[in-house]
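Pulled these features from Swiss-Prot for this protein:
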ACT_SITE  Thr2  active site
BINDING   Gly157, Cys160, Thr163  Na(+) binding site
Amino acid sequence: MTTILSVRRDGQVVIGGDGQVSLGNTVMKGNARKVRRLYKNQVLAGFAGGTADAFTLFERFEAKLESHNGQLTRAAVELAKDWRTDRSLRRLEALLAVADKEASLIITGNGDVIQPEDDLIAIGSGGMYAQAAARALLENTQLDARNIVEKGLKIAGDICVYTNQNHTIEVLDY
């Protein structure tokens, strides 16, 4: 699977992810880009789950962002509505972590939209390791959001066999 981690702190929101694509117990690719900028570089998004499914969701989410003038929450809710009513979407196995200058959201495979506590998002197979590391760093250090994401992903990659050390990190200042 993968690890995607997002942290918001001191006027920055950061989403980072590793690059490993696995098929069963085999590493198929080590440098996949699972974190992207969307809607005029104003929205960050990362995915965990099936790669083809995630690209389908990226496309649909980006279309919703365009049709709702970059309003992240509105676009996420509209995508979730589609997800629940469109039979082909209901079979997609992917999670999206999305963030802009105002909100951080998880869009789940069930069509749920969740705004996590403390604007900390961690999804994928290594998500819980990254989340634990990030939470400890948020509570006990003054590190900026980017450094917390870097360290959280590194720790997850050291522990989770489905997460590697090839990271893509995007930063949005606000």
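Just so it is clear, glycine is given a Cβ too, placed from its N, Cα and C backbone atoms.
Keep in mind it's a predicted model, so treat the numbers as computed, not measured.
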Rounded to the nearest Å, what's the C-alpha distance separating Cys160 (Na(+) binding site) and the residue listed as 'active site'? Just drop the number here, would you?
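Here the two Cα atoms lie 9 Å apart.
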In Å, rounded, how far does the Cα of Gly157 (Na(+) binding site) sit from the Cα of the residue listed as 'active site'?
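It is 9 Å, counting Cα to Cα.
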Can you name the residues of this chain that are 6 or more positions from Thr2 (active site) yet have a C-beta less than 8 Å from its C-beta?
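Non-local contacts for Thr2 (active site): Gly17, Asp18, Gln20, Val21, Lys34, Phe47, Ala48, Gly49, Gly124, Ser125, Gly126, Tyr162, Thr163.
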Based on DSSP, name the secondary structure state of the residue listed as 'active site': helix, strand or coil.
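Coil, per DSSP.
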For the recorded Na(+) site, enumerate neighbouring residues of the same chain (Cβ within 8 Å of the Cβ centroid of Gly157, Cys160, Thr163, site residues themselves excluded), in sequence order.
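The surrounding set, listed in chain order, is Thr3, Asp18, Gln20, Ser125, Gly126, Tyr129, Ala130, Leu153, Ala156, Asp158, Ile159, Val161, Tyr162, Asn164, Gln165.
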Neighbour count, 10 Å Cβ-Cβ cut-off, for Gly157 (Na(+) binding site): what number do you get?
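The answer is 22 other Cβ atoms.
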Can you tell me how many other Cβ atoms are located within 10 Å of the Cβ belonging to Cys160 (Na(+) binding site)?
21
